[in-house]
């Protein structure tokens, strides 16, 4: 224990020794900065410390300087926010920084001093960190497609230090470690965006002050359309239904549409279903092609295609015709087919097993060949070649066949000779020469013989000779040579004759030329073509020859030849005006040949080329090798789809159709149409391959019904559906008919009746909606037109207001929706001169017309408005004048000497006896009040006469208090009653009543009180007990209406008080007791007052009683 104490004491002594040694051994040293301050950036309002540490002996004092000026710390100013720490550091409790004052920001130095010198630290800047609120550029919304890059840009707010940029998506910091995300500068870049990248993005600017968030921007990531199911290639049969699938996904949901490459989707036969698939119904060969599904949204589009191939069964589009041929000639049968794929065509003779194919070697087929287009050609026809030849078409989609008959002529079936030009009728003079021509053609070459009047001409007359060209020449004509000469051309095929009349007579030296020149005759028409064949008729068409000869072609002649009908040509039609004609009256199942000749004024042309042989139809199709039951069955299975008619003009329409289940037994179509409710008309389409026709000469503005049916000979197929269409309306092309004008037998002759009939139905061109009637006066001095429009169902009208003696032209026109049609011919009419009464009536009608004009009505309205306004002003002025006359005031002159009693109590300043003209619009209880009180500032303007001074007025008395009392007006005054009755009942008056004797005038007299000695008011009970101040406060201070009769006393049963009444001239509002009736007018003197005791003092008694009760 002792040892421990010794050690402790020894240690202390060593310490003391060291201290004493230091004080005496160490020397003083100049200050030295051992820790320099560093630059600081501090947020406003935050604490901060600038470090500074110095050494020296003695210990140096530390001071701070900012921008060269000494910094004041808490040692100098205890309230300072700067503190100098013992170590020498400068501590800021908070950084003070404003827009105008920045006391803490600057360059600081630390200075350490002692008596040996000073040391200065390095400069240290203190900067205040800032961060503005507004972003210099905020990010914008971005819309991209998935897989595309997205860029958002942001410039942070201004700040110090410069803020750094970061991004948040949906309030979560964006992870820039994702290799797809790059943050560079103020840009956020996302490559290969995904759907998960979508969201709300915020740009964050950060420095030591804090963080600032920009307005959010949305990144929308859409997805381009992408096919889930694509359309595929398909092969279908005609008339089937096909579906093309198309399923797409994307964001936003893509729209889908379909298109056909190089064409349009088949109208009426396609449907886009709810699943966006395309459905085609009753597909046809023309529907083949590529169908594309197009998908599109706001970020992209995509498309996919599928090909449709339609297999169509073979069809015969050009059927072979039956033919008749001579032996040794070449025959060709046409057989046009179509189908998809194109069918293979081959021929076969009925009953033979030999098949004839296209491009077959000639060695195998011999005289028979089939072209690539399917035509069968037979050369060097033999008689054994006669028979039916069958054309067959086959493909994977089906097969079809048709047949035609070949008939080979025998020598006896050859065509008889044809006379190109025969003898013409001639009239010649005796002694001249006649030439009768007869030019023939035929195979073999025919011989020519001549006959006269049916007798063959022999060659025993030397005047008659037969020339080489067949012309008969007769010289030295005699009258006995007259007659009918016939040229007969004959061969093994038959014979043909042509007759002409020769007349020989004296003709005064004039003669008709024997023959026409060849150039004067028309050229032969072209070969006639058979367009339609029935059992007993054939329709022919031909083209005229460009050469008409010496005159225009006037008509045509048609000749026919049939082996079964005879061995010569027969004229079957003449005077044919058109280049198309139907030859009727033919035999069924008969072969015919036809030629056509043109006719002009100089004669007949040469014959046209012979038509192809044509056989009329048999009574039964079985005659042509056709089973009628099969025909009926196939026609019944056919379906003709009629399309909507297409209007070409107002009177023509194009009809088109499609045929489902085409049959080989079809010759054409019959179009049936009619106006709705009318009879059917028919137009035939002869070609089975036609799919459209034009119907002309329709009625305009008419609704039609139309249908179509196929036919084969006498067999008919099913009708199509019935369609309706309306031709457009036009203005009527004809005027109304039978327009008549008649004068109406009325009291005057200034009216006419116009009647008419509608235009012809075929020229109405629509529905007549109305008729317009014009009555045009064309008098040189009076031009007075009357026009009228009536409904389309009205056929007569009456026109009034015609001027007598004026010539009028009446016209009528029909009107459709297209406009006004043709005017009728003007119908003149003149009304009679008329009597005086007629003129009066006419003038009255004219005045009526003027009164109906809008300008006249507006003028009358304006005049009425002016009169009404003038009347209102007059009423206003009159009421204002009456109001002024009803509010005058009679003043009382005051003298010091007053009468005893109430008159002697200095009451001259209270003119409670003044008259006033009562008004009729005063009510009680404050609902409608009058200014009945005067104030200290009353002005002369309250007098009705507008005078600027009081007559003998005394100064107003000083009231005892600020409240003034004014009695309420009565509910009814005698003036009110006087309006409703015969007149007012004046109150009883004394001898010296008011000089005002009429209630329609007011008095301007003033009441001048006399000395006290002259007046007595002892008859008024309790009046002497009133004190003067009380009287001054209670008596009325304004004009009092003159009542008709006294009112009952103010008691509990009659407590009517008018409150809250306003006084003029800014006086204080006061309470007023119920007014009492006064029975006197204004008196001129005190004597008058004394003389009015019978009428006045009873009233004074009542008034005093009321005052006392109010008190």
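Glycine is no exception: its Cβ is also placed from the backbone N, Cα and C atoms.
Residues annotated as compositional bias 'Polar residues' in TrEMBL: 993-1009 (among others).
For 1050-1059 (among others), the entry in TrEMBL reads compositional bias 'Polar residues'.
Residues or ranges marked as compositional bias 'Polar residues' by TrEMBL: 1081-1090 (among others).
Secondary structure by DSSP for the domain 'Ig-like' (31-127): 0 helix, 48 strand, 49 coil. Annotated domain 'Ig-like' per TrEMBL: 31-127 (among others), in sequence order.
The domain 'Ig-like' annotation in TrEMBL covers 133-220 (among others). Secondary structure counts, DSSP: the domain 'Ig-like' (133-220) has 3 helix, 45 strand, 40 coil.
According to TrEMBL, the domain 'Ig-like' annotation covers 225-309 (among others). In the predicted structure, the domain 'Ig-like' (225-309) carries a mean pLDDT of 91.
What TrEMBL records for 314-407 (among others) is domain 'Ig-like'.
According to TrEMBL, the feature domain 'Ig-like' maps to 417-503 (among others).
The domain 'Fibronectin type-III' annotation in TrEMBL covers 524-619 (among others). Look at the domain 'Fibronectin type-III' (524-619): DSSP puts its residues at 0 helix, 43 strand, 53 coil.
What TrEMBL records for 639-730 (among others) is domain 'Fibronectin type-III'.
Residues annotated as domain 'Fibronectin type-III' in TrEMBL: 735-834 (among others).
TrEMBL lists 978-1014 (among others) with the feature region 'Disordered'.
Under the heading region 'Disordered', TrEMBL lists 1042-1090 (among others).
Marked as transmembrane segment by TrEMBL: 855-877.
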Helix, strand and coil totals (DSSP H, G, I; E, B; other) for the domain 'Ig-like' (417-503): 3 helix, 46 strand, 38 coil
Counts by DSSP class (helix H/G/I, strand E/B, coil) across the domain 'Fibronectin type-III' (735-834): 3 helix, 47 strand, 50 coil
